[in-house]
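Enquirer: Below are the structure tokens for one structure; questions will follow.
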């Protein structure tokens with residue numbers, strides 16, 4: 001990309017009354033995961049959906065389909081087996097994580113449709129700054145020139161989701177070299193900074209919140 005770095009789009013939408021947005025800052029992984037589980041277990045038909053925006057300290061998470069052989073190098077970063085779909089991924093500072101706590105029964109669509117909508121939110125956000133992003137058949141997430149910029153993994157219980165997506169903004173990508181990201185040997189990863197997008201975590205959280213709200217509730 002040439003010239004000045006694009007400014008992150010600031011297109012605000014009216015808050016959906018059935019959505020509570022929480023910006024949690026940098027929080028440890030395991031307590032946040034347990035809080036998601038508790039929220040999903042305790043919510044009722046009238047409970048508002050929630051969107052949690054946050055960062056995690058360095059951690060690998062291993063999904064239900066995960067195999068430890070996809071951790072291919074020794075590391076001091078903890079590995080946490082969890083209950084989302086998918087394989088192994090990395091979370092760390094400078095990555096915006098959006099946990100999507102949505103009642104799909106109220107929305108009237110299923111988990112595959114939600115995954116497509118979450119992917120489209122990231123694709124649209126990048127397109128607004130002239131970055132072309134795509135999906136990849138059989139490998140949920142968002143890619144730029146074949147490199148993964150956003151990972152997705154969800155769990156559904158009683159029609160309600162938790163977990164969500166992780167969007168690489170301005171982070172140390174080196175820990176990805178110790179794993180086969182999402183179980184794919186040799187998969188490249190990228191981030192906004194490397195695409196010439198000098199976005200802060202705070203700016204990205206605001207813009208991603210709006211993009212996700214449009215995608216989920218349209």
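Glycine too: its Cβ is placed from the backbone N, Cα and C atoms.
This is the feature table in Swiss-Prot:
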type     : residues                                                     : note
DOMAIN   : 45-218                                                       : domain 'BPL/LPL catalytic'
BINDING  : 84, 85, 86, 87, 88, 89, 90, 91, 151, 152, 153, 164, 165, 166 : substrate binding site
SITE     : 148                                                          : site 'Lowers pKa of active site Cys'
ACT_SITE : 182                                                          : active site, acyl-thioester intermediate
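I'd like these features described in context: how deep, what's nearby, how far apart.
Expert: Following the DSSP three-state reduction, the secondary structure of residue 84 (substrate binding site) is coil.
The Cβ of residue 148 (site 'Lowers pKa of active site Cys') has 23 neighbouring Cβ atoms from other residues within 10 Å, across all protein chains displayed.
In three-state terms derived from DSSP, residue 182 (active site, acyl-thioester intermediate) belongs to a helical segment.
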Enquirer: Grab the pLDDT values for the domain 'BPL/LPL catalytic' (45-218) and give me their mean, rounded.
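Expert: Result for the domain 'BPL/LPL catalytic' (45-218): average pLDDT 94.
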Enquirer: For residue 151 (substrate binding site), which DSSP three-state class applies?
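Expert: The three-state answer is strand.
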Enquirer: To the nearest whole angstrom, state the Cα distance for the pair residue 151 (substrate binding site) and residue 182 (active site, acyl-thioester intermediate).
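Expert: Residue 182 (active site, acyl-thioester intermediate) has its Cα 8 Å from the Cα of residue 151 (substrate binding site).
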Enquirer: Can you grab the distance from residue 165 (substrate binding site) over to residue 182 (active site, acyl-thioester intermediate)? Cα atoms, rounded to a whole Å.
Expert: 12
Enquirer: Taking the Cβ of residue 165 (substrate binding site) as the centre, count every other Cβ atom within 10 Å, in any protein chain shown.
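Expert: I get 24 for this one.
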